[in-house]
Amino acid sequence: MAGAWLRWGLLLWAGLLAWSAHGRVRRITYVVRPGPGLPAGTLPLAGPPRTFNVALDARYSRSSTATSSRSLAGPPAERTRRTSQPGGAALPGLRSPLPPEPARPGAPSRQLHSKAGAQTAVTRFAKHGRQVVRSKVQQDTQSSGGSRLQVQQKQQLQGINVCGGQCCHGWSKAPGSQRCTKPSCVPPCQNGGMCLRPQFCVCKPGTKGKACEITAAQDTMSPVFGGQNPGSSWVPPEPAAKRTSTKKADTLPRVSPVAQMTLTLKPKPSMGLSQQIHSQVAPLSSQNVMIRHGQTQEYVLKPKYFPAPKVVSGEQSTEGSFSLRYGQEQGTAPFQVSNHTGRIKVVFTPSICKVTCTKGNCHNSCQKGNTTTLISENGHAADTLTATNFRVVICHLPCMNGGQCSSRDKCQCPPNFTGKLCQIPVLGASMPKLYQHAQQPGKALGSHVIHSTHTLPLTMTNQQGVKVKFPPNIVNIHVKHPPEASVQIHQVSRIDGPVGQRVKEVQPGQSQVSYQGLPVQKTQTVHSTYSHQQVIPHVYPVAAKTQLGRCFQETIGSQCGKALPGLSKQEDCCGTVGTSWGFNKCQKCPKKQSYHGYTQMMECLQGYKRVNNTFCQDINECQLQGVCPNGECLNTMGSYRCSCKMGFGPDPTFSSCVPDPPMISEEKGPCYRLVSPGRQCMHPLSVHLTKQICCCSVGKAWGPQCEKCPLPGTAAFKEICPGGMGYTVSGIHRRRPIHQHIGKEAVFVKPKNTQPVAKSTHPPPLPAKEEPVEALTSSREHGPGVAEPEVVTAPPEKEIPSLDQEKTRLEPGQPQLSPGVSTIHLHPQFPVVVEKTSPPVPVEVAPEGSTSSASQVIAPTQVTEINECTVNPDICGAGHCINLPVRYTCICYEGYKFSEQQRKCIDIDECAQAQHLCSQGRCENTEGSFLCICPAGFIASEEGSNCIDVDECLRPDVCRDGRCINTAGAFRCEYCDSGYRMSRRGHCEDIDECLTPSTCPEEQCVNSPGSYQCVPCTEGFRGWNGQCLDVDECLQPKVCTNGSCTNLEGSYMCSCHKGYSPTPDHRHCQDIDECQQGNLCMNGQCKNTDGSFRCTCGQGYQLSAAKDQCEDIDECEHRHLCSHGQCRNTEGSFQCLCNQGYRASVLGDHCEDINECLEDSSVCQGGDCINTAGSYDCTCPDGLQLNDNKGCQDINECAQPGLCAPHGECLNTQGSFHCVCEQGFSISADGRTCEDIDECVNNTVCDSHGFCDNTAGSFRCLCYQGFQAPQDGQGCVDVNECELLSGVCGEAFCENVEGSFLCVCADENQEYSPMTGQCRSRATEDSGVDRQPKEEKKECYYNLNDASLCDNVLAPNVTKQECCCTSGAGWGDNCEIFPCPVQGTAEFSEMCPRGKGFVPAGESSYETGGENYKDADECLLFGEEICKNGYCLNTQPGYECYCKEGTYYDPVKLQCFDMDECQDPNSCIDGQCVNTEGSYNCFCTHPMVLDASEKRCVQPTESNEQIEETDVYQDLCWEHLSEEYVCSRPLVGKQTTYTECCCLYGEAWGMQCALCPMKDSDDYAQLCNIPVTGRRRPYGRDALVDFSEQYGPETDPYFIQDRFLNSFEELQAEECGILNGCENGRCVRVQEGYTCDCFDGYHLDMAKMTCVDVNECSELNNRMSLCKNAKCINTEGSYKCVCLPGYVPSDKPNYCTPLNTALNLDKDSDLE
């Protein structure tokens, strides 16, 4: 069949034959199915397939690979060949053998011919010499020798491929045997190819050529299988397992290659045809299939886009590749995999994800490919899906009209269409032709590859279903893919049964039911969209397996939603669709934990539940209520899918039904290009358009109602413009629902398998007529990123009768249903289904192999009978189920027949029915077909039903230069031509006459086929005995002058000396003009010399060491150049780069200084400029400073803080500053501050009637008695008491005198008595007693030995006797103190005749007589000053001061001071004593406690009371806490506990500044142990004495015992019976009843029995004792101090210091 165009499909399966001493022997059977042969010059069309068989026996060792022939070894085995024509058949991925070349006119025949004929053939090739005829004697001698060898071989060799007692031409003996079973290929097969038969190499995938010497990378323009004619549709090569014999496959429907898993084969076209076929696709530069022997097997997958139905032959872009490898990692697998691992199946789904961003909002979208099943047998590929160039292509765009997806966002359109989706016809274009693809081979999705690993348990697939064995065998699947691609692994399973057993494999997206009614395998996709899914078993609580609860499908945070109706078990819920489960409250389903190795408690995969410790069982999700709302649930292995009702369609995961999208209207209307802000449509187009065309192009609004077009990027826009702005989908390509009703008949649309199955599943033929086919297309919205397929009109083929008029037209294409369903094609020859007169029959998508999971069945609205075909889609097996009113019937596929007993389609055994099949061979029945196994020398006929003899003589050069005689199953060679002799192998071989020396004694002898020729020797040689010997020319004189001679074969060569070059014939040496080269003597002049040259250099250059260049002189090597700078060499010169402040000299050989002071007048403005080497200096006068610009500027001294402050302002001047002081202040000596003016230095400022008191910024005059300061404050003026005190003298006259006044009586004999205020008669002179003037009153002082004696004032207005006769130590005014006389002296007796404690009772202080003296009430006279911090009780004479408990009275300081009990060692024995105000604390070290006396620390006794353990921590104590809660003034010298700090020293404690409780709070009282154990008497000497029986310390601050709180325990306000319940105090139980113990700052009002506020400012602030230099302001329960003007608060509480003193202290502290 010369010029035949072959397309090959390949199916490989293997079986274990036997073990031998040399290793395992596998029998690999190649089922080769070529397409129809065509005459040269025609294109291939669909035709009846023919089946041929080739059996190959191969031996491999454990370390070999199945794809390499280099390891083949072992004993010979019988080899059976099947081809479709002479020349054999090519295997997939290999070039087809060249057909026999037809005889050319005038060429010599290859039959028996004479020697003259041979001479004619030789003459055509002879160039010189004469023709020489061999002698007959030589021929006879060689022939006889060969005959003897042939006889010997005939005695030894027997069997096939034996010709004349020896191996036929192209065959040799196999090692270790005497059988001619080893083919030989010359040249040998390269690149791992295998010699299948003589001169025929079977190449590895990716290589081709006669000897497999050409790789895929070298072949850039490889022709494809075939083309397409108008009115025809290309039929791709289907997998071999789907094909049948001619008898059963004459009418197989044609299918389109869209979205199917195809095998790319590139056989070489026949002669003549290759000139007419345009190459379409560059060869795919994919990786070879890597099959690792044993544990790991790799597959190379490429994502293939889903193109439109009209597809030219060949493959598409190689964009994105998946490298899939499965196997066990070393060290991680719990078992070891040997070479004999059985059939392993991997089910996966490839995906490509991308990120789409619109206006800053990005989202991910993933596009899934078809679910794919790969099978390996014993670690080797076992089906065509594992071959090289197998690709899974996912298309983002619905390319139409035969367009192909060449990249993720581009359609490669045919010549007659254009546009983004190939939807726009090109005017004037011809019919579709073959075209080139612009896509470059090997283009990947990304620049690098990501490696990901998926860990799954190895399941077992057998007749009982799919089970997971426990402990599971863990399989790591390694996937290499681009970043945007991913692979979702669904299942890795081992198919049990004997090796080589043919298992009916399940197709992607389908389910299969075995003949026993049990599920065999379902490969439905698990409902998941994760790009890198790692399936890991769940672990559930055992106790929850039998409990029922509600199943929730959504869990957001702690909220559970989408509850399924009804109750289910936790393992059923969480193992399938649920995320949470529970009855009263939901709990999240446990996560699947990743693991390495295995354990005994591992649970099952998603979709399975555990049966026992060994196996897992599929969960029937359809038993869960509400799984498929608006649809019908179909269970699959490990998952489920939904078959939706009318008006609904499946979502991308087939797990729910969603409403159908609305159809795009074809209504036309006006299209407006502009919409005004007032919603007014403007600028309509001249033609009416549909809304889709308008809004997807230039329109802004559409229709008579001015409907605004949706904005780009919105869902509404994507609905009508799927191709984006500027692209529309024409009406004939729009989607229609697949389940739309069509009249009264049903059209079965059947998805095409993407993988070979063991049984042919094609429907029988039907009649049709030549019209465009109409069918329904899928309108279901696909998953994210999956392209929506379109349906295209094809050339007229055939028609299905009784179709509605409103249908979409299409050619036999494959609209994609979902990522889990393979391609769909229409069978135009399907028989008419039984009509029903009631409701229309539903449209069923019937997949091959009976797919319940990939079909959609829409139940009729009013049909009540049971549809067995819907309930069990696989009920017929290998056939189509037709539902009948009663039961059902089956229309079986070719090769099957309907069995009434089994009610299904069973296989027909053709070998048993037809005995005449496979003559000369053996008939072997197969599922749905049969095979003819032919012996060696025979091949199957074109019909595949018989074995016919192979005429080996038709092959070229079988018997070279001899006669070939064909025999049954072999051939032989006879009768050699003249010049030839019979070889030992039975072939005619040429006689070499040139082996005889005398044949050509003085010429060269050249042997030729069948003859020889004497040719004269060429120049440089001489002839001798048929050979040409070389002549040595170098022996001749004067050869190669100026050089050396080297003899060569037939010539000589001159090697010239330096400066000379050889002539073109290399036989002479000539001078080289080096100056012509142009690269010599640069920067100089070149002069040529004989054999050399000379350079003359210019200034600044010198001759190089090689004397061939003028190189620059580096002047910078001289150190004296460029002082104060850097020397930079230049070409032929140099340059000085001077430092800053220098410049180059006139000669440019050094740097000289720049005098900036002379050249730049702007420098040093306001100062003096001094030039320096390389720079200059500026000297600025005082008050000026140097700025950045080298100028002097004024210093703003006033910017300094504190200058002239606080009693002045700073005034900046040029070069200085000036202080402007406030009134009363003057500038200091240094002029930087304002100091107070001491006005009192001038003694006259307050004259003689007072003294001056200087103040800050001023002064005041303190005037004597009788004088006062005027309003201006200058001096002291007399006070006119007579005007100020009216009636001061009564009836006497008032006379003002300086500093005082006089009362003058009108009668000179009367005198004014100040006691009575009247004038009375003068006493007689003989009264004997001299009247003394009135005693004046001044201040009484105490403790004159104190440094601050001026502050020790007892009372301000007392007489001298009242002071000195009581407790006073001195008397005076304004600190002018007159000490009191010492008791016991005459002065004291004269002043105090009655002694201490008595004062005169009358006016006169000097009257004698006891009756005139009275007891002095010191408590009344001196107030609180006489008994500070105590209670004063007057006695006669004297007084008593009663102090609080824990304090004592100091008679010198007249004050009650705290008693330091810690001075007594008996106060705290074995503990730490801490003195407190009025008491002390005894601290015991843990675990010691106080005893009953509370004065000794002892070990605690065993008791039932549990004493709290408290650790003692010491830290800093802060004495002050600001209003912002900032700690300051830490206690210096010691660290304290929290209790010690808060109760004794500070306000906060620790580095965290822990606050102490408020001192008036109960927490403080409890912390610091301040219980009140008695009451105070209001009167009497025991008023401050508590009624406690003994005086003791306060309670331990860590342990407050209850006995100290008994008096306050549970006393409520109602129990007191006191008004207001002791407000501002607490109720205390006393012997007489109850009383109030007032809080600090309050005292008890006995009349009202309430606690009233103490006005500390009026009662306690005598002589500023509370607020020193401050004003006292009373508050509720306390008081506060506000400093007087000129004073500021000090660090002492309630003490204000003068402002100057505070400033000085601040300055001192700053200095420190």
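Just so it is clear, glycine is given a Cβ too, placed from its N, Cα and C backbone atoms.
Matching 752-803, 804-855 against Swiss-Prot, the residues noted as region 'Disordered' span 752-803. Which of Cys1261, Cys1263, Cys1294 pairs with Cys1282 is settled by Swiss-Prot: its disulfide partner is Cys1294.
For Cys1375, the cysteine that Swiss-Prot lists as its disulphide partner among Cys1350, Cys1363, Cys1364, Cys1392 is Cys1350.
In Swiss-Prot, Cys1303 is paired through a disulphide bond with Cys1289, chosen from Cys1289, Cys1319. Ranking the disulfide-bonded residues Cys399, Cys1497, Cys1622, Cys1681, Cys1696 by the number of CB atoms within 10 A of their own CB puts Cys399 at the top.
Taking a C-beta cut-off of under 8 Å and a sequence gap of six or more, Cys953 (disulfide bond) has these contacts in its own chain: Cys959, Cys964, Ile965, Asn966, Phe971.
On a Cα basis, Cys1221 (disulfide bond) lies 29 Å away from Cys1192 (disulfide bond). In sequence order, Cys1419, Tyr1439, Cys1441, Tyr1442, Tyr1449, Leu1454, Gln1455, Cys1456 make up the list of same-chain residues 6 or more apart from Cys1427 (disulfide bond) whose Cβ falls under 8 Å from its Cβ. Here the candidates are the recorded positions Asn612, Cys976, Asn1357. The one whose C-alpha lies nearest to that of Cys1221 (disulfide bond) is Asn1357. A simple way to gauge crowding: the CB of Cys411 (disulfide bond) has 28 other CB atoms within 10 angstroms, across all the protein chains here. Applying an 8 A CB threshold to same-chain residues 6+ apart, the list for Asn1357 (N-linked glycosylation site) reads Lys1337, Lys1338, Glu1339.
Listed as Cβ neighbours of the domain 'EGF-like 8' (1030-1070) (distance under 8 Å, sequence separation of 6 or more from its ends, same chain) are residues 1018-1022, 1090-1092. Closest in space to Asn612 (N-linked glycosylation site), of the disulfide-bonded residues given as Cys695, Cys988, Cys1696, is Cys695, taking the CA atom of each residue. Ranking the recorded positions Cys411, Cys976, Asn1042, Cys1696 by Cα distance from Cys195 (disulfide bond) puts Cys976 first. Across the domain 'EGF-like 7' (990-1029), DSSP classifies residues as 6 helix, 18 strand, 16 coil. Per-residue confidence over the domain 'EGF-like 1' (181-213) averages out at a pLDDT of 85. Cα distances from Cys976 (disulfide bond) to the recorded positions Asn1042, Cys1234, Cys1484, Cys1667, Cys1683 are smallest for Asn1042.
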